[in-house]
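Q: Feature table excerpt (TrEMBL):
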type    : residues                                                                                       : note
DOMAIN  : 85-471                                                                                         : domain 'AMP-dependent synthetase/ligase'
BINDING : Gly388, Glu389, Pro390, Asp412, Thr413, Trp414, Trp415, Gln416, Thr417, Asp503, Arg518, Arg529 : ATP binding site
BINDING : Val540, His542, Val545                                                                         : Mg(2+) binding site
MOD_RES : Lys612                                                                                         : N6-acetyllysine
Amino acid sequence: MPETDVKKHEPSPDFVKHAHVDAAKYEEMYKASIEDPDGFWGEHGKRIDWIKPYTKVKNTDFTYGQVDIKWFEDGTLNVAANCIDRHLKDRGDQTAIIWVPDEDDGSDQHISYNQLSSHVNKFANVLKGMGVGRGDRVVIYLPMIPQAAYAMLACARIGAIHSVVFAGFSPDALASRVNGSEAKVVITADGGPRGGKVTSLKDNADKAFEKIEHDAKLLVVKRAGNDISWTDGRDHWLHELEDGVSDDCPPEEMGAEDPLFILYTSGSTGQPKGVVHTQGGYLVYTSMTHEYTFDYHDGDVYWCTADVGWVTGHSYIVYGPLANGATTVMFEGVPTYPDAGRFWKICQDHKVAQFYTAPTAIRALMGKGNGPVEKYDLSSLKVLGTVGEPINPEAWNWYDQVVGKGRCPIVDTWWQTETGGHMLTPLPGATATKPGSATQPFFGVQPVVLDAESGSVLEGPGVEGVLAIADSWPSQMRTVYGDHERFMNTYFQQYKGYYFTEDGCMRDEDGYYWITGRVDDVLNVSGHRMGTAEIESALVSHPAVNEAAVVGVPHEVKGQAIYCYVSLMDGHEPSEELKKELQTHVRTEIGPIAKPDFIQWAPGLPKTRSGKIMRRILRKVAANEHEQLGDTSTLAEPEVVDDLIANRLNK
Ligand code: ATP
Ligand code: MG
């Protein structure tokens, strides 16, 4: 088990004074949300505007074979009107989106709510003109440009279902998602600049169209000005179709349970799943978590560095913040371009108050030392967030001390594409944090720790098992697109009556939750179960180590042996001596049982495009089964795998 008896970081009295929620209020609201979900959500559902108010709140069933999830089912609304129209009266001139392009050339744009309205209405009319209507699917394959947000909101406005495909994906991945949803329109750009290099998205889309089996149109946003080829009749420039189009498109009245979007999971554990989210519950929950988790106040500039191709971008760049009338930053580039100070420069330039990123980015920047952070004035920062993977205490402490100067609460948010919004997270004015723990459930969330084998509920503190959720919350996924059976089999079959998260977890003596990694990743060494996260954290706590990934390999005596892939910090070289030192280090940190059997130096680790380490691939490499790597379509840099195979130990 990770060391849980560590010093807690209490929110400062000054922070608590201005926070939406303090510790007592959290207790009170949490209790109310569990004892009376209908009353609690009936009240908080009103935070968004309904065309026809709901009379029913929760109607959900987790019974395997008949899983059915409905929230606010008889209410009607329009999500885009909630994110735009209702703000125009009071904050039409306020900035909705600050767009920061890849090049650091001062051409950042401030898009006001009035301008957002005009862009989205026009975009919506263009889509209508292309024959897109209620319930039709639209695939969005765009770089991080404002048009990505316009496109999503335009779909929401006319009741079309969007499916955003990350712009780093291949033509094949794009084609399979277009085919899978029979999308009428695909939206792309000529090219997308990232880190100073332009990817021709239009070329990728052209290649994808060779494999698209139905009649679809391609709408192209002009971004990079690169040369592209053109198919008359099929391809259309957005700016041409927008010319002369009205900027008034009445919002469709949508049922709360009509689908809003389809989005695929990251593919860390296997085949990505096409997650379906609906309108009402999703917007209520994402806007509420955005406000409470980040302690967002009117006037704050909020920045989530995710890509809109991931759920984090959907819920916490676009829908949650805009429903709250916030100012949200959208960044086109990468953390290390033109140099490793880029994030911090943007924070300084735009006086960012809430900053939300992933452990992978924090570790990468930590590897570059403190210099690039210290160059900038980060006094505007109030809250720091993280999402995507367990964060090692080492990286947490660096984030806290070097970025936050010890004065910004850190919210480690555990959630999934499937959950739509934050599930376990500190609230910055309410929760004393412990580095590496996602702490406590958000309102309405009932986590349970189950024994992995028997499925029985483990009560009390100091227990470890698999994480499941006992009852529904408003932004829960409703189904796998076109495959309700798969939905039930994946999440409700193994542990009857619960939503199974596929993550391992422990609950400590304070009732705090610690995600120990994916269930598939749990090691069993001589009968001892260990989470990969724990051994990785021990490795990363050594000053020479930047990043580590741990997997089990079959072992005749122990059942499994511990195989570690280690990337070093800038300025450190691999050596046999260092290997021994790391073995001793893990032994001292955790115990003799956790001593690594193999340590392979890894210049890079295989990651999903959303930055998660793909341990399933590392397991195959370590076990010499690299002929069967499985689905690698969501891998960011396939080349790193070749290096790992070539240098495999345990031959
Ligand atoms: P797939 O389901 O296709 O294998 P994925 O699980 O990586 O892909 P996502 O929905 O993007 O797809 O990621 C959710 C997962 O990310 C969680 O189940 C958990 O394993 C991990 N995760 C997210 N946030 C945290 C966090 N704060 N702490 C620990 N783990 C996290
Ligand atoms: Mg998953």
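Positions of Cβ are set from backbone N, Cα and C atoms, glycine also.
Note that the coordinates shown come from a computational prediction; the quantities given were computed from them, not determined experimentally.
How buried are the listed features, and what sits near them?
A: When pLDDT values are averaged over the domain 'AMP-dependent synthetase/ligase' (85-471), the model yields 97.
All protein chains shown were included, and the count of other CB atoms within 10 Å of the CB of Arg518 (ATP binding site) stands at 21. Secondary structure from DSSP puts Arg518 (ATP binding site) in a beta strand.
Cβ neighbour count for Val540 (Mg(2+) binding site): 23 (other Cβ atoms within 10 Å of its Cβ, all protein chains included).
Taking the Cβ of Lys612 (N6-acetyllysine) as centre and 10 Å as the limit, one finds 21 other Cβ atoms among all the protein chains shown.
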Q: What recorded positions among Thr417, Val545, Lys612 have a C-beta sitting less than 6 Å from any atom of ligand 1?
A: Thr417, Lys612
Q: Roughly how many angstrom lie between the C-alpha atoms of Thr413 (ATP binding site) and Lys612 (N6-acetyllysine)?
A: 15
Q: So of all those recorded positions, Gly388, Trp415, Thr417, Arg518, Lys612, which one's Cα sits nearest to Val545 (Mg(2+) binding site)?
A: Lys612
Q: Counting every protein chain present, what is the number of Cβ atoms, excluding its own, within 10 Å of the Cβ of Val545 (Mg(2+) binding site)?
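A: A 10 Å sphere around the Cβ of Val545 (Mg(2+) binding site) contains 24 other Cβ atoms.
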Q: My understanding is the cutoff is Cβ-Cβ under 8 Å with a sequence separation of 6 or more in the same chain; which residues meet that for Thr417 (ATP binding site)?
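A: Counting only residues 6 or more apart in sequence, the Cβ neighbours of Thr417 (ATP binding site) under 8 Å are Leu263, Tyr264, Thr265, Ser266, Lys273, Val275, Trp310, Val311, Met477.
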Q: DSSP three-state call for Val540 (Mg(2+) binding site): helix, strand or coil?
A: helix
